[in-house]
Structures are given as structure tokens and as C-alpha cells.
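Following: one structure in C-alpha cells, then a few remarks.
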């Protein structure tokens with residue numbers, strides 16, 4: 001008897017532990033609401049509440065179960081209850097008016113019919129939220145269905161033994177192992193967490209373009225938008241699939257509430273894909289995001305508030321870092337702004353000490369930035385259209401952030417980074433996709449278009465920094481110049497003086513070639529740092545024979561300077577990184593001598609076949625020391 005009592009007590013204790021554990025696990029489980037499909041009863045009720053009784057009756061007939069012989073169900077075939085749709089639901093992404101006209105032209109995805117919304121339906125003012133019929137009723141009551149996250153990611157998983165970096169240039173294995181709604185640290189300043197935002201914020205259309213993106217990363221981007229944004233502020237997510245190898249990467253995501261998918265029928269590149277998404281968007285505010293980001297807590301409200309207060313503001317979040325190796329989320333400094341050097345390559349730079357001191361009392365204030373990174377920003381749609389959208393003749397990727405930054409500032413707008421908005425971004429060391437013609441040529445072409453339209457005479461500083469860019473055709477820019485005139489945009493000099501005074505114009509310098517005997521020219525011979533230079537027949541096209549003679553006496557080829565190796569007669573002259581040292585200073589003398597400014601040695605080509613151009617005792621009688629510097633013949 002005593003043993004039975006002990007056994008009963010023991011079993012009871014075990015049962016209590018089991019119940020406590022089960023209760024905790026069930027209550028602590030957080031719903032991933034972003035992966036909801038469309039809720040049956042709620043959606044239908046919303047539609048009926050907003051319709052007249054006659055329209056509701058008509059609609060009820062049209063909502064007949066698929067396979068019932070009439071309405072959209074018939075158009076969809078046996079989608080309602082057949083083997084293709086185990087759930088028994090037909091989910092429609094389309095306009096009410098299209099639906100009521102029985103104009104059901106859709107794409108069946110595992111029992112789901114996805115329809116593009118039409119502008120007529122969206123503006124009609126009927127139907128559920130945003131003019132949509134989110135879900136067709138079935139016999140399943142109010143049960144909510146969820147997107148099959150595991151199945152979606154598994155279909156794009158790595159093959160056995162496949163390098164996890166090969167497809168996306170980041171560790172896809174690490175990304176696939178993470179849930180779409182993983183927790184990330186709140187990296188905002190504590191003062192941001194107490195800020196209140198106005199209640200009349202506009203809703204936004206989020207535009208995400210992608211090409212062969214890892215499924216787990218793309219899904220995590222979408223989930224972070226939906227889970228960490230107030231539901232009423234996200235009108236839609238417009239996914240623009242830039243002709244990915246597998247159309248299902250995007251089409252499967254059309255099952256998720258608020259997600260629309262547009263697929264290009266050929267590769268268009270970032271710029272044209274974004275414009276296509278913007279044109280299709282229905283909200284008055286556009287939010288552009290990359291396809292490998294994670295939005296942080298309350299990321300959207302501070303951005304929308306700044307645009308609501310002034311539609312000419314273009315605003316960006318602080319961009320946190322997501323490790324390409326293990327996907328760790330790392331907070332970035334909020335004391336950064338975007339800038340560039342004269343090579344027109346974007347860079348992050350710290351605010352000046354005085355600016356940081358001014359922000360000490362309120363680190364939540366907006367930061368004016370001369371340049372945006374380009375991947376993540378919010379802009380008023382009407383203002384985006386007025387400004388000329390993007391330069392549609394730019395290809396693939398690169399330079400578009402430069403162009404839109406110049407255009408916004410010079411044409412009456414402003415760029416801001418909002419410290420209380422945080423979005424993480426996977427930064428990679430290389431692009432995962434190919435560029436027709438090569439990435440360098442595409443970037444140079446796009447950058448030249450921006451420089452030729454917006455930089456006026458200051459574009460020469462770009463060509464001095466990147467001489468090879470002048471060999472890349474940039475196409476016709478007449479339409480962009482006409483836009484600049486139409487908008488009465490300010491000159492680049494104004495931009496330097498009022499927006500980016502820290503970018504100092506380089507010292508004046510002449511660019512040309514050093515000739516000898518009228519037929520031979522000083523040439524790098526294809527060498528780079530620590531390489532010798534020689535002479536080669538002049539070809540008058542720049543390249544290896546293009547030199548800049550600066551006011552300080554440097555003889556430069558790109559970022560390399562002619563450098564005297566030793567202060568002695570017979571010393572080699574080589575290319576080294578310009579460092580403003582005495583070894584790199586030269587003077588042009590009468591008679592064509594190129595003399596070192598400190599000792600009496602001059603550039604001499606007598607031994608160029610053995611050791612390249614060297615520094616010999618100056619003698620104007622020697623033809624090997626006579627040079628002329630000037631423009632190309």
C-alpha cells in the first residue's frame with residue numbers, strides 16, 4: 001500500500017512537470033503572423049460589411065466552391081477541393097471589380113490562384129481593405145493557414161557537398177538554418193524607444209527587387225517587414241523578380257498576405273526593375289529595400305514621419321550589418337553619413353567632431369547626408385515621379401545611388417539618415433551574378449552618365465581619378481539633361497558648397513602625355529605598383545600613356561606617382577602609391593628636361609630596354625632626356 005502511494009505521488013509529480021512544460025511552451029510560442037495566408041471568415045465578413053446587400057448576395061453566389069460549376073471556382077478548375085488543393089481554399093490576389101466581372105485570369109500555385117490587381121479595381125473603392133478580396137470561403141470556418149516555410153526553403157536548398165558560398169557569395173547554409181522570424185537585437189539608441197510618432201502616417205508600398213536571391217534570405221526580408229511594421233502602414237509588398245532562373249522563387253511568395261509578384265520577361269537590372277515596381281505600386285509613399293535585409297523594431301514609423309512632414313525628403317535607415325558568414329546581426333554606428341571620393345565610389349564617413357557634439361544631447365535627430373547607399377530608402381511617390389524616377393538607361397547595378405543623390409539635392413530635395421530607423425543588410429565582398437560586358441564596364445558606364453549630367457566641369461576630377469572611364473561609351477543623355485533644365489536644378493558647384501563642403505576639389509593638374517622625339521611616349525608598360533616605366537610608340541588614346549602633372553610636381557598615372565628610388569645618379573624610377581614625399585616631386589625645365597626638384601638628375605630613356613626610364617645627370621644635349629608634355633595629338 002505504501003509503495004502504491006509513493007508510485008502515485010511520483011507519477012503525479014511527473015505529470016505536473018509535463019503540464020507546466022507544455023503550458024509554458026504553448027503560451028510562449030510567438031505566432032509568425034507574416035506567414036499567414038488569407039483568413040477565411042474575417043476577409044469575407046470585411047467584404048460583406050462594406051458592400052450593399054444586393055452586391056453581397058451577388059458576391060456570395062460568385063464565391064461558390066471551386067468546381068461548383070460557376071464563377072471563379074469554375075475558372076480555376078478543380079482547385080476547390082481536389083488533390084491539387086488539400087486545404088480546400090482558393091486564395092485570390094486581385095481586384096474586386098475584376099472578380100465581380102468574372103475576369104479571373106490567374107496563375108494556379110499549389111491550389112492558389114494569384115491575380116494581379118488592376119488600377120480600375122483599386123480605385124473603385126469597393127471590396128475589402130485596399131479593394132482586395134483576400135480569401136475565398138470554404139468549409140473550414142475561421143482557421144488560419146500559414147505559408148509552408150520549410151517546404152519553400154527546402155526547394156531551394158544546397159545540394160549535398162555544394163559550396164554554401166557559391167550561389168550568393170554569402171553562407172546560404174547559415175541563412176537556411178535560421179527561422180524567418182528570428183530574434184535580432186534592438187540596436188537603436190535608448191532614446192528612440194521612448195519617441196512617439198504622429199498617428200496620421202501614410203501607408204507605404206514596399207518594393208523589393210531580386211535576381212536569384214537565396215529563398216531563406218528573401219523570405220526573411222519579407223517576414224521582417226510584415227512582423228516589425230504596424231499592419232495598417234504596409235499596403236503591399238511588391239516583389240519584382242528580375243528574371244530569376246526559377247520563377248517559383250517569387251511566385252510561391254504570392255501566397256503570403258499583402259505580397260504581389262511581378263516577373264520580368266528578361267533581365268532588366270536594378271534600376272528598370274525598381275521603376276516597374278514603383279509604377280505598379282498603389283500607395284502614395286514608396287519604400288525601396290534590397291532582398292537580403294532584416295528590418296528592426298519600429299523601423300518604419302520614423303521614416304514615414306519625415307516624409308509626411310516634407311514630401312521632398314528622401315530618408316534612409318541606419319544600415320546595420322548582417323554577417324555574410326554566420327548571419328550575426330551587428331549594430332552599426334549612428335554617427336555615419338554617406339559620401340564619396342573623386343573616383344565616385346560610395347563610402348561611409350564619420351560625422352565631424354563638431355557635428356557629433358551637436359548631436360550629443362539628442363542622438364535621435366536626422367542626419368543630412370550628401371549621398372545614400374541606394375539600397376534602402378523611402379520617398380514620396382509623386383516626388384519620385386516628378387524627379388524623373390531613375391535613369392532608365394543605366395544597366396544592371398551601380399551608380400544609380402550617385403545619380404539619384406545628386407538629383408535630389410540639386411533639384412530642391414534633401415537626403416537624410418534617420419538614426420531611430422534600423423535595417424540590417426547582408427554585405428558581400430563580391431557580386432553573385434554576372435554583368436553583361438563585365439561589372440567594371442557597367443559601373444563605369446553608369447557612373448559616367450551621372451557625372452556627365454550632374455557634375456558640370458567638375459566631372460574632369462572624376463576622369464583624372466579614373467582615366468580609363470573615358471574609354472567606356474555612356475550612351476545618349478539628352479533626356480536627362482532636359483530633365484535637369486526642366487526642374488531648374490542647381491549646379492554642382494552649389495552642391496559642393498552647400499551639401500558636401502568636405503569634398504575638396506583636387507589641386508589643378510594638367511592631363512596629357514610625355515613625348516620624346518615626337519613618336520615615343522612615356523608608358524607604364526602595363527606595370528603597376530613598384531613597376532618600372534619605359535617608352536613606347538605614341539597611340540594618342542591615353543591608357544598606359546596618360547599622365548597627370550600636378551601643381552605639386554607629381555607625375556601621376558591613376559593613383560600611382562613616378563618615384564625616385566634613391567637620391568643618386570642612375571637611380572631607377574618606379575611607380576609607387578602617391579604619398580606626397582620628396583621622391584615624387586619633379587620640375588619641367590627649359591629644353592624639355594624633367595628634373596627632380598631636389599637633386600640634379602633628370603628622366604632619361606637611354607637604358608630603358610634594360611631597366612626602364614632612369615634618373616641620370618641632367619644634360620639638355622641628350623635626346624634621351626628631352627620631353628614635351630601636352631594633350632594628345
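Numbering starts at 1 and runs along the chain as displayed.
Cβ atoms are placed via backbone N, Cα and C, with glycine included.
Quick caveat, the model's predicted, so the values are computed rather than measured.
As given in Swiss-Prot:
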type	residues	note
DISULFID	192-420	disulfide bond
DISULFID	411-489	disulfide bond
DISULFID	521-538	disulfide bond
DISULFID	561-578	disulfide bond
DISULFID	602-618	disulfide bond
DOMAIN	508-630	domain 'Ricin B-type lectin'
REGION	201-306	region 'Catalytic subdomain A'
REGION	366-428	region 'Catalytic subdomain B'
TOPO_DOM	26-633	topological domain 'Lumenal'
TRANSMEM	5-25	transmembrane segment
**OP:** Provide the number of Cβ atoms within 10 Å of the Cβ of residue 420 (disulfide bond), excluding the reference atom itself.
**Re:** 26
Original post:
Relative to the Cα of residue 561 (disulfide bond), which of the disulfide-bonded residues 192, 411, 489, 538, 602 has the closest Cα?
Top reply: 602
**OP:** List only the single closest residue to residue 420 (disulfide bond), chosen from the disulfide-bonded residues 411, 489, 538, 618 by CA-CA distance.
**Re:** 411
Original post:
Of the disulfide-bonded residues listed here (192, 489, 578, 602), which is spatially closest to residue 538 (disulfide bond) when Cα positions are compared?
Top reply: 602
**OP:** Calculate the per-residue pLDDT averaged over the region 'Catalytic subdomain A' (201-306) and state the result as an integer.
**Re:** 98
Original post:
Long-range same-chain neighbours of residue 602 (disulfide bond), Cβ under 8 Å, sequence gap at least 6?
Top reply: 589, 593, 594, 595, 596, 615, 616, 617, 618, 619, 625
Original post:
By CA distance, which of the disulfide-bonded residues (411, 489, 578) lies nearest to residue 521 (disulfide bond)?
Top reply: 578
Original post:
Is residue 489 (disulfide bond) helix, strand or coil when read with DSSP?
Top reply: coil
**OP:** Mind tallying the region 'Catalytic subdomain B' (366-428) by DSSP state, helix then strand then coil?
**Re:** 17 helix, 20 strand, 26 coil
Subject >> Most crowded position, judged by CB atoms within 10 A, among 521, 538 as disulfide-bonded residues >> reply: 521
Original post:
If you count Cβ atoms within 10 Å of each one, which of the disulfide-bonded residues 411, 489, 561, 578 comes out on top?
Top reply: 561
**OP:** Determine, from DSSP, whether residue 618 (disulfide bond) sits in helix, strand or coil.
**Re:** coil
Original post:
Counting only residues 6+ apart in the same chain, whose Cβ is under 8 Å from the Cβ of residue 192 (disulfide bond)?
Top reply: 298, 302, 364, 419, 420
**OP:** Give the distance between the Cα atoms of residue 489 (disulfide bond) and residue 578 (disulfide bond), rounded to the nearest whole Å.
**Re:** 36
Subject >> Neighbouring C-beta atoms (10 Å sphere around the C-beta of residue 618 (disulfide bond)) >> reply: 20
Subject >> Inter-residue Cα distance where the pair is residue 411 (disulfide bond) and residue 578 (disulfide bond), in Å >> reply: 36
